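What Swiss-Prot says about this one:
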ACT_SITE  SER121  active site, charge relay system
ACT_SITE  ASP211  active site, charge relay system
ACT_SITE  HIS239  active site, charge relay system
Amino acid sequence: MNTTRTLDNSTIHLPRILCLHGGGTNARIFRAQCRGLIAGLKSEYRLVFAQAPFASQAGSDVLSVYSQWGPFRRWLRWRPEHPVIPPEDAVQEIDTWLEKAMHQDDLAGATGEWIALLGFSQGAKVSASLLYRQQSWQELFGTRPAGINFRFGILLAGQAPFISMDSDLTLDPPLPDASQITDLKHSERELFYGKGHVLRIPTLHVHGLRDKGLDHHRKLFEDFCAPQSRRLIEWDGDHRVPLKLKDVSLVIHQIRELAKETGVY
């Protein structure tokens, strides 16, 4: 299994952020796309990049620059020809690959607390869904996944709705499961809005104003995340990770503010 982690030993003691790439790309590409964030946060956080479990064709947004950087991976189905996997198996694979990325970083000598999830596009959807599962377990059972206490999420171009990451949780209405394509192009999306699936773990949302999926990203922000715990950055870009210093600086500032708010420092 391949994961990409920061190789700078000076960061091994720092709080860690687990990073989930988009669909049709991979951890190596996402690390390159996040180079501005890595540079700006290198003295404060260790960013660890997890690889998704499932093989995929390349996403159209990576072909122009990263066409030779395969193989490409995905967390969820995003095309009809992707094999249907039982949802419980899909969730188990996602959890396994995330746990292995975290364990590999432990073996590399890192000791910092896992404080946040950072995801782009499909990785942001999965990150938000994982945070919602953590919140649901805490509320229903007074516990959370073993060893996991993500304090906040950084959601870049994340799309609603959440997906169900635990078939044992009885939710009303039920969320789409991890075997489904949830691109919000179908009328059933209305079932999920305003129905109580609200994430209260703090989140930072980063939206490109020229992103074709902007309306769907705003749905995640407006309809699925609590007003008192959500933050928003809008920048002049399309479906990609901010790279210019002025845009990256805004994201870094808000990450620092979330860290203060959630007691990281």
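Each residue's number is its place along the chain shown, starting with 1.
Cβ from N, Cα, C; glycine included.
Around ASP211 (active site, charge relay system), taking its Cβ as the centre, 20 other Cβ atoms fall within 10 Å, counting all chains. In this structure the C-alpha atoms belonging to ASP211 (active site, charge relay system) and HIS239 (active site, charge relay system) are separated by 5 Å.
Around SER121 (active site, charge relay system), the C-beta neighbours below 8 angstroms that are at least 6 residues distant in the chain are GLY22, GLY23, LEU156, ALA157, GLY158, GLN159, HIS239.
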